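**Student:** Pasting in a structure now, in structure tokens, and then I'll have a few things to ask.
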């Protein structure tokens, strides 16, 4: 069993009580990266890898063979061609990259002495038969983030050729075997440390751009005290277990829960259906259970954001007149100051809304109280009536870029009295105008908020495109392809740690451990 993840050091843990019960809870969100995505990732990754390998620094090579003295310096990789490559998943947690029959173009400075004859200058050389086999192991770090935890590597260069020229060309070609063998040996030793640094440092800096464990969702406008934070697993960023790789996909599970900042120790228990990912045609699939949406609405409710109060001029004029006419019998018994006071209409959700996902669509059920009162200046308000409102909203999910957005539509509306059936009959004339008020005044405000959406955890520079939303019983899936809005190099350079620009830094393993 995977051990429980320690809480974030800068925030109260949103998890339920620690221990086995926390681990037994079902995930509210799953993400699958399919092998279809690897071709796109490979194209972008190979461009980045070529640029990294071109930074290889080969130490000077000097030596003596009989009467032949040589000094090779300023070795630089001028070009790299990776003609045959394959990127695939390997169970259990690895991503494998295999490169065969690649080639390197080199340029170096020669200083050669044979008996009394000296020659110097620059030489172009080529390294052929470059083979690189690399495995990236993915796991959770102590904070629960998905990271590259290890890079295993085997690299070799099978042959080299140096284009010597000059007066003693034939002599140099005969003796060049000593030089090229030495350069080939040094090149073999340099490839794997560069790849190890690229994986454990540079690629991890890209993964650090995924929204963190606690990511604030822009909901402040819904209420002065409302601000939601979420992460995978304690929200988003904490996953339940290490990524699981199969031959065709890489699967990740996340808790997928919202919680209010004001009550960070609270967490809704997940009793929803576990989301499933049965498909593999698209590059990426994301599945959300009803728990994902329920936890958000429960957090809204606990934060006191699900209420609306309209007073005076904010109440639509026609509705104001209808309400005063409906409760005319109560109003005429009041004092003149109270009769002429502004009307107040207050809607307050009385229980956390609940989401229901079916193949036919997604609905949200809301129960609220409707209070109608008069508010005389500098006097206590005069309550005219209180009723219960049942609302059913249809919710349409869409993925734009990397933001999950929701469009709400009012489908069902009913009001009834808490006092008596007779009063419920008297409220029938209010059904239509109150429903119109919700459609015109409340729904646009809600949709303006929900359309802002929440961000799906993807690294910077990568977006979803061509998304398809499919409803199932108890959960929905979103299949999409990936698009690099920014180049991998651009994002990594922007987020590269300042003290890790040298691939020979301590993060790289010794060549003897990396190169074979």
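Note that Cβ sites are derived from N, Cα and C of the backbone, with glycine treated the same way.
Remember, predicted model here, so these are calculated numbers, not experimental data.
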**Student:** According to TrEMBL, region 'Disordered' applies to one of these ranges: 1-20, 21-40. Which one is it?
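**Tutor:** Among 1-20, 21-40, the range TrEMBL annotates as region 'Disordered' is 1-20.
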**Student:** Most Cβ neighbours within 10 Å: which of the disulfide-bonded residues 153, 192 is it?
**Tutor:** 192
**Student:** Give, as a single whole number between 0 and 100, the mean pLDDT over the domain 'Lipid-binding serum glycoprotein N-terminal' (32-263).
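**Tutor:** Here the mean pLDDT over the domain 'Lipid-binding serum glycoprotein N-terminal' (32-263) amounts to 74.
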